[in-house]
Amino acid sequence: NECIRKWLSCVDRKNDCCEGLECYKRRHSFEVCVPIPGFCLVKWKQCDGRERDCCPGLECWKRSGNKSSVCAPIT
């Protein structure tokens, strides 16, 4: 089962949000995966669709071929 990405519904799947996200019930709306405050993706963690979630000093690096993007040191 793939993890649920940021801002997508996590109704009935509260524990399936991707790393650094938590299921949050929005007022007048359904539950969605939202970023945990202060959380960031460390070096070499996958950052597809989460380009701004890499820790300070890292940037989301698109690897060649069909590989997923990862947080890598800013060169």
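For all residues, glycine too, the Cβ spot is worked out from N, Cα and C.
Quick look at what Swiss-Prot lists:
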type     : residues    : note
DISULFID : CYS3-CYS18  : disulfide bond
DISULFID : CYS10-CYS23 : disulfide bond
DISULFID : CYS17-CYS33 : disulfide bond
DISULFID : CYS40-CYS55 : disulfide bond
DISULFID : CYS47-CYS60 : disulfide bond
DISULFID : CYS54-CYS71 : disulfide bond
REGION   : 3-71        : region '2 X approximate repeats with cysteine pattern C-C-CC-C-C'
REPEAT   : 3-33        : repeat 'Domain 1'
REPEAT   : 40-71       : repeat 'Domain 2'
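Location within the structure of each feature annotated in Swiss-Prot.
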residue: CYS3; record: disulfide bond; DSSP (3 states): coil
residue: CYS10; record: disulfide bond; DSSP (3 states): coil
residue: CYS17; record: disulfide bond; DSSP (3 states): strand
residue: CYS23; record: disulfide bond; DSSP (3 states): strand
residue: CYS33; record: disulfide bond; DSSP (3 states): strand
residue: CYS40; record: disulfide bond; DSSP (3 states): coil
residue: CYS47; record: disulfide bond; DSSP (3 states): coil
residue: CYS54; record: disulfide bond; DSSP (3 states): strand
residue: CYS60; record: disulfide bond; DSSP (3 states): strand
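Looking at CYS40 (disulfide bond) and CYS3 (disulfide bond), their Cα atoms lie 17 Å from each other. With a 10 A radius on its CB, CYS17 (disulfide bond) counts 23 other CB atoms from all the protein chains. Per Cα geometry, CYS23 is the residue among the disulfide-bonded residues CYS3, CYS18, CYS23, CYS47, CYS71 nearest to CYS33 (disulfide bond). CYS23 (disulfide bond) is 23 Å away from CYS71 (disulfide bond) when you measure Cα to Cα.
Counting neighbouring Cβ atoms within 10 Å of each of the disulfide-bonded residues (CYS23, CYS33), the lowest count belongs to CYS23.
In the three-state DSSP reading, CYS71 (disulfide bond) counts as strand. Within the model, the repeat 'Domain 1' (3-33) carries an average pLDDT of 91.
The Cα of CYS18 (disulfide bond) lies closest to that of CYS47, out of the disulfide-bonded residues CYS47, CYS55, CYS60. Cα separation, CYS54 (disulfide bond) to CYS23 (disulfide bond), rounded: 20 Å.
Among the disulfide-bonded residues CYS3, CYS47, CYS60, the residue whose Cα lies closest in space to that of CYS23 (disulfide bond) is CYS3. Only CYS17, of the disulfide-bonded residues CYS17, CYS47, CYS55, CYS60, have a C-alpha within 10 angstroms of the C-alpha of CYS10 (disulfide bond).
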